[in-house]
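Feature annotations, courtesy of TrEMBL:
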BINDING   B:Asp55, B:Thr92, B:His142, B:Tyr146, B:Ser217  FMN binding site
DOMAIN    B:22-377  domain 'Luciferase-like'
Protein chains: 2
Amino acid sequence: MRKQMHLGSLSHGVGSHVAGWRMPGAETEKENFDLVARAVRTAERGKFDFVFFADAVNTGADAAPMFVVRFEPLTLLGALSVVTDRIGLVATVSTTYSEPYNVARALASLDHLSQGRIGWNVVTGSSPDAAANFSKDKHPPHEERYAMAQEYLEVVKGLWDSWEDSALVADKQTGQFIDTGKLHVLNHVGRYYRVAGPLNASRPPQGYPVIFQAGASDRGLELAGSTAEVVFATQSFQEEAVAFAGKLRDCAEAAGRARDSIRILLGVSPIVGDTEREARDIISQLGAFVDPVTSMRVLSDRVGIDLARYDIDGPLPDLPPSTMMQGHARVLQSVARRYNMTIRQLRDYAAVSSGHRVLIGTPAQVADDLEAWFARGACDGFAIMTPYSPQPFERFVDQVVPILVERELFRKEYSGKTLRDHLGLERPPHPTPRSPV
Amino acid sequence: MRKQMHLGSLSHGVGSHVAGWRMPGAETEKENFDLVARAVRTAERGKFDFVFFADAVNTGADAAPMFVVRFEPLTLLGALSVVTDRIGLVATVSTTYSEPYNVARALASLDHLSQGRIGWNVVTGSSPDAAANFSKDKHPPHEERYAMAQEYLEVVKGLWDSWEDSALVADKQTGQFIDTGKLHVLNHVGRYYRVAGPLNASRPPQGYPVIFQAGASDRGLELAGSTAEVVFATQSFQEEAVAFAGKLRDCAEAAGRARDSIRILLGVSPIVGDTEREARDIISQLGAFVDPVTSMRVLSDRVGIDLARYDIDGPLPDLPPSTMMQGHARVLQSVARRYNMTIRQLRDYAAVSSGHRVLIGTPAQVADDLEAWFARGACDGFAIMTPYSPQPFERFVDQVVPILVERELFRKEYSGKTLRDHLGLERPPHPTPRSPV
């Protein structure tokens with residue numbers, strides 16, 4: 001069988017576009033479970049590997065609508081585990097502002113509730129504002145956060161291994177409830193954590209819930225290389241994506257893992273139309289909801305020159321070579337040339353993309369793009385984001401996914417039951433037992 | 001209408017009896033959601049006010065089956081919110097080993113998921129072993145744990161009030177997503193916590209999820225008086241229960257609250273038979289699964305004399321006055337006399353009760369007992385525990401509850417939608433706004 005891509009959905013709630021909620025038919029409610037459940041069922045109908053929930057532990061009056069309020073991901077996954085059957089469910093949890101025992105428990109509990117469909121997106125938290133919500137003087141610096149995360153993961157996995165897979169016996173005849181020889185303490189004593197264990201949850205159905213990460217710094221890549229099973233990345237050029245994948249697989253190898261032990265998914269935002277023109281109109285329609293001065297300033301900052309001085313309906317001027325050192329400028333110039341965009345159109349594109357590639361076109365055009373990147377070895381699949389909910393994602397599932405299935409690039413039906421099954425990842429065996437309790 | 005009692009269920013999982021799981025037909029699995037959901041639906045069929053999940057953040061090889069492993073309560077409530085419509089869902093969360101921001105979020109999220117059916121049983125943690133799972137040198141002493149809990153509750157409520165009830169506008173015409181004048185920071189700086197806020201969740205449907213507590217110490221009563229809305233208690237004698245209720249309501253009054261602002265529920269374990277004889281046989285049957293030497297030693301310790309020296313099928317000897325100072329001895333002597341029990345029968349009773357009253361008899365006898373205590377003003381209702389699952393609880397719901405309904409002592413149908421509605425508790429209004437963000 002042809003190698004197939006993996007697809008994850010980040011499309012739910014009010015969407016990634018700051019004003020997407022204002023589109024006709026767009027949802028405006030963030031804490032309405034029925035709406036979230038509908039989006040997740042759409043992804044399951046499309047046989048997606050998983051749905052993913054971003055998170056943060058702070059907010060503010062200036063936050064974009066998608067960040068203002070949201071369901072707490074672990075409780076949300078509990079609810080979603082009941083209204084879905086096969087799709088993986090991935091929550092973001094920060095290692096900086098939580099206790100490993102509590103998080104190990106919650107994730108083990110969810111893996112039991114969902115019968116093996118949970119993933120954990122490990123983040124160290126990028127907003128320094130979070131510290132003020134957790135009785136901390138300051139957000140720990142980048143290096144320290146990653147050192148904490150590395151140790152935290154070790155503790156959590158150790159807790160998941162507290163119980164061997166067959167430790168719970170419950171033999172009514174003999175009266176033996178647990179096989180105490182299969183229960184292990186952890187007694188972890190590290191630089192940041194001291195955790196005795198055992199956990200009061202039996203080993204998760206998947207052994208460990210699947211570990212997701214998105215850090216792109218050198219330290220992030222190092223952590224991902226040693227621990228991640230799925231990595232989200234943003235890449236704008238195929239060759240750079242291929243290079244990134246190679247570098248990440250080198251990190252895995254350096255950590256003693258197989259090169260193919262990580263699934264690399266690139267974030268993309270597909271805007272599907274019956275024609276390319278219709279797709280581009282959707283972007284313009286979104287752009288019209290954003291304050292034009294602000295959005296032009298954002299674009300100007302990104303390309304490195306003040307575009308307000310140019311004809312908004314004219315072409316993007318040649319950017320000075322100096323600004324091309326900035327990734328954003330290079331990407332936006334490339335997009336403007338590819339689609340022959342005016343400054344106004346590029347401004348509206350930038351508001352949709354938030355750094356990710358926006359795939360504009362007919363269902364076949366979008367499928368062609370995904371196929372090309374996948375075939376080139378740029379990634380193992382894609383994380384699908386959409387600017388508002390539910391239409392753009394429903395269109396992707398109903399119009400693009402069938403083409404991928406037809407081309408045998410994506411599954412027609414789920415063949416496995418767990419998230420590890422979907423991703424083609426091994427269930428980690430229980431390690432050599434440590435000391436019994 | 002006649003004043004009606006409140007009923008909560010603590011009956012799910014493998015039950016409170018150490019060997020109840022060995023009974024014919026008893027469940028043995030603790031992390032099987034279908035079994036938990038079935039028990040909760042049974043309680044909802046009985047129109048119970050709520051189901052309640054006890055918790056702890058440690059375990060060990062010597063733990064009783066009910067404590068060995070369990071679903072993490074917050075994730076479990078997420079799942080249960082979807083498979084139930086009306087019943088309240090109450091989770092235990094320790095204030096000693098969690099962050100107020102995380103817990104405020106999770107509970108707010110659950111209150112949104114369940115549309116206003118969440119309660120929080122606030123505990124400070126009774127097991128010193130927990131500290132070793134949270135990088136702590138020691139379990140904080142009793143007084144400090146309560147001081148922490150008091151401040152913690154203040155923080156959590158403050159976070160729930162971050163957003164006024166109508167702060168989320170989402171007006172597509174004007175483009176206003178939030179009314180920033182209705183968003184408030186907390187900037188709490190206390191002895192134990194510093195939490196800025198705002199929370200990234202809008203105000204819970206109930207204003208605040210309902211606050212449950214069970215502490216019976218003087219400090220526990222003080223905390224309950226100032227903050228609890230439902231209190232669980234163990235009382236063995238009606239007059240003492242009346243006195244306890246009076247004392248607790250005094251505490252509420254001293255804290256500036258109405259005397260009737262707390263619902264007091266007494267823990268009872270009903271063993272229902274077609275005859276009293278059949279009910280007593282169930283207790284003997286349970287007793288036969290427990291190691292007789294251990295259980296006799298437990299009973300001897302409780303009554304204060306070595307009962308192994310007496311005829312096991314003879315009556316309980318008169319207990320020396322000195323031991324009667326111990327609550328356990330007095331209670332057990334009273335039970336032995338009331339039911340004319342042999343030592344063996346009392347031993348088996350003690351294994352079922354774990355301190356709570358065991359109500360032994362026909363459905364009418366059990367209903368009579370509940371009615372008598374309720375009518376006497378000993379409590380506002382009962383927390384129903386059963387030694388194993390699911391039979392004893394199903395029998396209570398199908399045979400005892402209809403008698404209570406018939407006597408107009410309990411609701412025939414839910415009249416409200418939220419847990420506060422069921423309990424007859426006011427929704428807390430948003431306090432006078434503090435400073436805007």
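Quick reminder: no glycine exception, Cβ is built from N, Cα and C everywhere.
Please treat TrEMBL annotations as automatic predictions, because they have not gone through curation.
Feature map: TrEMBL annotations on the structure.
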residue: B:Asp55; record: FMN binding site; Cβ within 10 Å: 20
residue: B:Thr92; record: FMN binding site; Cβ within 10 Å: 20
residue: B:His142; record: FMN binding site; Cβ within 10 Å: 14
residue: B:Tyr146; record: FMN binding site; Cβ within 10 Å: 21
residue: B:Ser217; record: FMN binding site; Cβ within 10 Å: 11
(request) Please average pLDDT over the domain 'Luciferase-like' (B:22-377) for the predicted structure. (result) 94
(request) Please report the DSSP secondary structure of B:Thr92 (FMN binding site), reduced to three states. (result) strand
(request) Would you mind pulling the longest C-alpha to C-alpha span across B:Asp55, B:Thr92, B:His142, B:Tyr146, B:Ser217, which the record has binding FMN, in angstrom? (result) 19
